[in-house]
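Feature annotation from TrEMBL assigns compositional bias 'Basic and acidic residues' to 353-365. Per TrEMBL, the feature region 'Disordered' maps to 316-396. The feature transmembrane segment is assigned by TrEMBL to 27-48, 55-74, 94-117, 129-152, 172-194, 206-231, 251-272.
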Amino acid sequence: MVLRICTSLGDCKESATTSFFGHRPSLIAGFVFVAVAGLCLIANVGIALKTRRQWSFVISMSLACGMSVAGWIARYVGARDPWLMWPWVQSTSALSIAPIYIAIAIYPVLGVIVSTVGEEHSPLRVRTLTAGLVSSEIIALVLQVVGFGVAFHDVHRNTLNVNAETYVGARIVLAASALQLLTLLIAIALMLVISMRAIGARRSHGAASLAPTFLACAAAIVASMAVLAGRLGYRVALLSGGLRGALAQNWILFILFDGAAVAFVLVLLTVLHPSFFLVVGRAGSVQGRQGRFEKLHDAEDAALVERDDTRYAGAAGVPAPAYSDESTPASVPLQPMVFEPPRSYDPQPQEPSRYEPTRAGERRSLTPQPYETGDLSAATSRDTSPKPFGYGSGGL
C-alpha cells in the first residue's frame with residue numbers, strides 16, 4: 001500500500017470531502033458575495049446619513065449585510081484550508097442568521113405600505129400585523145442562536161460524526177427556519193389579499209392613484225419576501241439532513257439558493273430603498289420631516305402639514321396658487337351679489353316677484369306683493385293695487 005503525502009491543497013482536492021464543509025468552498029463566490037454585501041452595507045449607512053429616515057430598516061439591513069460579510073469571509077478562508085473548524089462554524093451560523101435581519105427590516109415597511117394602500121383592506125390592523133410578524137422573526141432569531149450554540153458546543157477538530165454531534169442543535173435551527181418560512185408565507189398571503197381588495201375597491205369606487213416610486217418599492221418588498229421564502233424552503237430541506245448532510249455538501253446548490261438569493265435581496269432593497277421610494281405614497285399622503293407618514297384628506301390638510309415646504313404644496317405635489325389672505329385671486333374683481341332665493345319661494349308666481357337679482361350699487365323698482373301688508377282679505381280678493389312696501393310681515 002502506497003501512502004500519498006499531500007503537500008498542497010491541489011494535490012488533496014478529493015480529500016476535502018472529509019472536511020467540515022464536505023467540499024472545498026469556492027474562492028470566487030466568497031470574493032463576489034463579500035464585495036456585494038460590503039457595498040450594500042456602505043450604501044445603507046450612506047443613505048441613513050443622507051435621509052435620516054427609516055432608521056429601523058437601515059439598522060436591520062446593516063446587521064444583515066455585516067453578518068453576510070462575516071459569513072462569506074469565513075467561507076473564503078475555508079476555501080484556502082477546508083479542514084479548519086472555525087470558518088465552518090462561523091459561516092454556517094452567520095449565513096443562516098443574516099436573512100432574519102432582512103425580514104425584520106421588511107415588516108415595518110410592509111405596515112407603511114398597507115397604511116398607504118388602505119388599512120380598511122387589511123384583515124388585521126397595521127400595528128397588529130407588524131408586531132406579530134416582527135415578534136415571530138425575533139423568536140426565530142433566538143431559536144437559531146440557541147440551536148447553533150447547542151450544535152457546536154461539543155464539536156471539535158477530531159469529531160468523527162458531525163451530524164450525530166450536532167443533531168439536537170440542528171433540529172432547533174430547523175424549527176426556527178420552519179417558523180420563518182411560515183411567517184413569510186403568511187405575510188405574502190396577507191399582501192395578496194390586501195392587493196386584491198384594494199384593486200377591487202379601486203374598480204368599484206375609484207381611488208387616488210399610487211405613485212410609481214411607491215409601486216416600485218412595494219413590488220421590491222414583495223419580491224424580496226418571495227425570494228427569502230424560496231431560500232428558506234431550501235434551508236429546511238438542507239437542515240432535515242443535518243448540518244453536514246447531502247445538501248450541505250453540495251456547494252453549487254448552496255451558492256444558488258442561499259448565497260445568490262440573499263445577495264439579490266440585499267441589492268434590490270438597497271437600490272429601491274424605502275427612505276427614497278416611500279416619501280410620497282399617493283395623492284393625499286405625504287411624509288413628514290421626521291420620517292412618519294400622515295394621511296391627508298384634502299389639499300387644505302396638506303398645506304397645513306407642509307406649509308413651509310414648497311415641495312409638498314398641495315396634496316399631489318403641485319404648487320398651490322398664490323392667494324392672498326385666503327381670498328380670491330387679485331386678477332378677479334370682486335362683484336358681490338344680492339342673495340336671490342329660488343323662485344319656488346314666491347307664493348304668487350304669476351305676479352312680478354320682489355326677489356329680483358341686483359348687483360351692488362344698482363337699484364331696481366320692486367313691485368310690492370299684497371300679502372306683505374298683513375291684510376289677508378286683500379290677498380283673498382286678489383287686490384293688486386299698490387300698497388306700502390315693507391319687510392317683516394311676509395319677507396325674509
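The backbone N, Cα and C atoms fix where each Cβ goes, and this holds for glycine too.
Just so you know, TrEMBL annotations never went through curation; they're auto-generated.
The stretches the transmembrane segment (27-48) and the transmembrane segment (251-272) are in mutual contact, each linked to the other by at least three Cβ pairs under 8 Å (pairs 6 or more apart in sequence).
Within its own chain, the transmembrane segment (129-152) has Cβ neighbours under 8 Å at 89, 92-93, 96-97, 100, 103-104, 107-108, 110-111, 114, 122, 165-166, 168-177, 179-180, 182-183, 186-187, 190, 243, counting only residues six or more beyond its boundaries.
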